[in-house]
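Quick look at what TrEMBL lists:
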- His8: active site, tele-phosphohistidine intermediate (ACT_SITE)
- Glu84: active site, proton donor/acceptor (ACT_SITE)
- Arg7, His8, Gly9, Lys10, Thr11, Glu12, Trp13, Asn14, Arg58: substrate binding site (BINDING)
Amino acid sequence: MKLYFVRHGKTEWNLEGRFQGANGDSPLLESSIKETEELGRYLKAIPFDAVYSSDLERAYRTADIIMNENDSPVQITCSKALREWDLGNLEGQKISLVCAIYPKQMEAFRHNLAQFNNSMFEAESVYQATQRILNFVKSLKDKKEENVLIVGHGATLTAAIQRLLGFESSQLRRGGGLDNSSLTILETDDFSHFNLLKWNDTSYQLTETNEPVTVP
């Protein structure tokens, strides 16, 4: 099975530099809608057997835009399991302000999640946030699907994908974060081992032709 992970398009809170977790949901920017349409054309030739999205509007809208450009006649299935990190008291706060007040914690959140103290902010733990995604992915094991699109959120997808690849909490930020409207592809035969085929791919934004993606 190939798993096509997409982070939702850029939103108003992303532009404003605000924390946007499981309990915040601002609209997609008009420029991001156009980028997501480009991503949809980039993925047009992929025969998706299933499409799953976080139930938050910014993710569902992203999935809907992508599938409007795709030839696959599948419906989008929403799941709360794919929501962004529950950030507790950080929700909606300016990132720059929080970084100034809690520099060590924000350094940990960005670079070493093993040292992030979620209880300080009444937020989900690293394990809770990523395990939701892992459980969802593992639930696909017995499905007869070859190409699956999963649209979610930056913090949880970044960390959960690294866990699927076998990395520990201290290494979940090793590849950096996922950009808005980016594509990451994993492949698995047994749901115990995952191969990384693409990471944080936004190359479709750099071409005029938006040639359909091909995966070895």
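A Cβ is built for glycine as well, from the same backbone N, Cα and C atoms used for every other residue.
Note: TrEMBL annotation is automatic and uncurated.
Look at Glu84 (active site, proton donor/acceptor): DSSP puts it in coil. Arg58 (substrate binding site) falls within a helical segment according to DSSP. Neighbour density around each Cβ, counted as other Cβ atoms within 10 Å, peaks among the recorded positions Arg7, His8, Arg58 at His8.
When secondary structure is read from DSSP and collapsed to three states, Trp13 (substrate binding site) falls in the helix class. A straight line from the CA of Thr11 (substrate binding site) to the CA of Glu84 (active site, proton donor/acceptor) spans 14 Å.
Counting Cβ atoms from all protein chains shown, Thr11 (substrate binding site) has 22 others lying within 10 Å of its own Cβ.
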